[in-house]
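Taken straight from TrEMBL:
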- Lys74: ATP binding site (BINDING)
- 43-371: domain 'Protein kinase' (DOMAIN)
Amino acid sequence: MTQLSLYWDADDEVEDVRRYTTGGFHPIRLGDVISSPSGSSQYRILHKLGRGAFATVWLAEELRAPSQRYVALKVCVADADPSHELSIFSRIPQGEETQDILRLRDSFSLKGPNGVHMVLVHDVLGSLLSVVRSPVGQKQVRMLCRQIACGLAALHRHGIVQGDLHAGNAGVALPTLNEHSPREILDYFGHPECTIILPTVLPEHPEAFPPYLVPPISISDYMVSKDPVFAKMPLHAEIMDLGNALVIDERVRPFCTPAAVCAPELMFGRVAQSNDLPPTRASDIWSFACTIYELVFGARLFHFAAPNDALLGAMATLCGEVPLVWKNYWNSRERLSSMSTDFTRGCQCRVATPARTHHERNWRGAHAGRS
């Protein structure tokens, strides 16, 4: 990774500037027009929607659409496998069965100073967590969870493991977004608080860096605040970001499931055996359960989760027992062996059942008497 010293440090809301190097991010400025190689598609960058380890995501307007249309441009790092995510989408048929999975609208390659980048074009989705925490979404959590379940089931039926399912990788459709002008949207968020990229020493390839880094906006906050029609509509959740998905029984993808939603069998392999096992349909379901918990109770099931013995102990306490195959490792670790533990050959068990959390008690009280 590039060693870089800046006059002004960036905060945690933006991507790591050191990833702007060969094989890394593509430098993008607000107002850039990104075109497909054939020129048939053109998109003008309006603002940033998000960023991850392998891509930045941008709000853009489609310049050659017959009417105003916004899209989300996912610009992948140059060293990403350009064919993998496309092959995943090719397995997903369009239709009612897959309506809870974000569709791929367009894709093309983009050549830049850091390499050739795959660009994926999707509809713009709002933050699921932001919407759920608003008055608009609080009454529709059960329906949103059901839609995510349907999307996950559809992926599994078509031989795909999502592999990275959490609340940040599901979004809410914004069917009335195109009715808002760019000025209305940008005026709502105000002047971007950019971090200027000014290295203390002139880098070897200055063209690899953008002139500034932009923190992302929450387009769902705008819609909840400024669109009364959206605020009264039934919400629709969609699973997005299939960059870490894999075909069932595929064994070549790296381990990418976040610790907070990682299934116990995968976490045990990582912690105890230094073995990054590939995700499975079963581990997807565990991740989905953790996601439901966060959406319903407003907090993560495992706080400050990291691949360590503490997380394994928390998982065992929650589930109620420890698999027999964990026994040797369990007894060799002071922190784990001190727990009152029963071992079983199956997947159910008996450890002290944890007390209900504050969030659970409040939720149960508020929903008392409901079916």
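Placed from the backbone N, Cα and C atoms, the Cβ positions cover glycine too.
Nobody curates TrEMBL annotations by hand; they come from automatic prediction.
Sequence-distant contacts of Lys74 (ATP binding site), defined by Cβ-Cβ distance under 8 angstroms and a gap of at least six in the same chain, are Ala55, Thr56, Val57, Val119, Leu120, Val121, His122, Asp241. Per-residue pLDDT, averaged over the domain 'Protein kinase' (43-371), rounds to 88.
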